[in-house]
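What Swiss-Prot annotates here:
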- HIS181: active site, proton acceptor (ACT_SITE)
- VAL19, ASP40, LYS45, TYR71, GLY85, ALA86, ALA124, THR125, ASN126, SER149: NAD(+) binding site (BINDING)
- GLN88, ARG94, ASN126, PRO127, VAL128, ASP129, ASP154, THR155, ALA156, ARG157, THR235: substrate binding site (BINDING)
- ARG159, HIS174: beta-D-fructose 1,6-bisphosphate binding site (BINDING)
- TYR226: phosphotyrosine (MOD_RES)
Amino acid sequence: MRTSQQAVNRVVLIGGGSVGVSYAFALMNQGVTEELAIIDLDADKALGDVMDLNHGKAFAPSLTNVWLGEYGDCKDADIVCICAGANQQSGETRLDLVEKNMKIFKEIVTDVMNSGFNGIFLIATNPVDILTQAVISFSGLPPHRVIGSGTTLDTARLRYELGEYFHLSPKNIHAYIIGEHGDTELPLWSTATIGTVPLLTYLNRSESYTTEDLDDIFTNVRDAAYRIIQKKGATYYGIAMSLVRVTEAILKDEHSILTTSSFLQGEYGVDNVCIGVPTIINRNGVSEIIEVPMNEDEQKQFNHSVQTLKGIYEPTMQMMK
């Protein structure tokens with residue numbers, strides 16, 4: 001991995017589908033990286049995307065060098081972002097995808113590591129928590145250098161919904177979704193704040209605000225992907241923007257707190273699972289996992305989410321051996 005003193009950052013994107021190309025487009029528009037290589041099985045389509053992106057250089061904030069990549073380009077990459085894999089179909093849960101995508105990932109990670117890659121993996125493909133942990137196993141890299149998108153998008157969705165409800169900017173709402181990026185995720189209402197005011201206190205400002213509305217807000221967040229998939233076939237803009245946010249935090253050594261899928265080694269009383277939790281992200285990847293206090297009900301829900309992921313990951317990895 002390159003050091004922070006070097007001027008040129010390189011991101012390699014593997015998987016030029018809707019999520020991957022949206023990520024590439026957002027990277028260029030925000031000027032986050034100087035180099036971007038795109039690898040995809042459909043080389044012609046990927047080359048078309050490269051051409052299309054390069055034609056917009058004159059309008060970008062910085063001149064990102066974009067090219068059709070190969071696995072050898074991973075050797076000098078700071079980040080390899082994997083967006084490849086089977087898509088989630090209507091009526092299919094993220095966990096239903098695990099067997100399809102685990103096999104795809106084993107081949108991809110082997111090819112990346114054979115290049116001499118020594119950077120950070122950023123995983124977007126679902127089920128993201130399970131595949132993030134699989135990449136740790138397949139790559140042999142230390143866990144702090146393998147990061148999943150986790151519940152970064154879910155947290156952004158929650159802040160958006162709360163912002164709409166309270167007529168406030170989502171940037172001033174500090175509330176997290178943690179757990180599986182999926183059906184067992186949970187909101188941390190007990191520690192959520194608006195500005196510096198506890199969310200549950202803020203509710204008392206008006207009789208038009210109710211705790212029952214919070215349940216509806218969370219349901220909207222949890223089920224958002226299903227609704228979007230039903231209407232347009234896939235989600236990609238929101239997750240692409242969340243991936244760019246994590247990429248920026250890494251490349252700029254920000255030490256920002258994001259709810260990535262991170263490997264727990266005793267935090268929250270849990271071992272050996274990747275799951276969405278507030279995490280300090282910097283140039284080295286995961287710097288620290290923040291242990292947010294939970295009430296009894298939240299802890300119970302979180303433990304259920306952990307067990308759900310373990311119940312899928314462990315038998316699936318046994319099948320891969």
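The backbone N, Cα and C atoms fix where each Cβ goes, glycine too.
Among the recorded positions HIS174, HIS181, TYR226, THR235, the ones whose Cα sits within 10 Å of the Cα of VAL19 (NAD(+) binding site) are THR235. For the pair formed by ARG159 (beta-D-fructose 1,6-bisphosphate binding site) and HIS181 (active site, proton acceptor), distance between Cα atoms is given as 16 Å, rounded to the nearest Å. Cα spacing between TYR226 (phosphotyrosine) and ALA124 (NAD(+) binding site): 17 Å, rounded to the nearest whole number. Cα distances from ASN126 (NAD(+) binding site) to the binding-site residues GLN88, ASP154, HIS174 are smallest for GLN88. It is 14 Å from the Cα atom of GLY85 (NAD(+) binding site) to that of THR235 (substrate binding site). Taking Cα separation as the measure, VAL128 (substrate binding site) is nearest to HIS181 of the recorded positions LYS45, HIS174, HIS181. Binding residues for NAD(+) (VAL19, ASP40, LYS45, TYR71, GLY85, ALA86, ALA124, THR125, ASN126, SER149) extend across at most 25 Å, taking the greatest CA-CA distance. Comparing local CB density within 10 A for the recorded positions LYS45, ARG159, HIS174, HIS181, the maximum falls on HIS181. Nothing from the binding-site residues GLN88, ASP154, ALA156, HIS174, THR235 places its Cα within 10 Å of the Cα belonging to ALA124 (NAD(+) binding site). Between the CA atoms of ALA156 (substrate binding site) and LYS45 (NAD(+) binding site) there is a gap of 31 Å.
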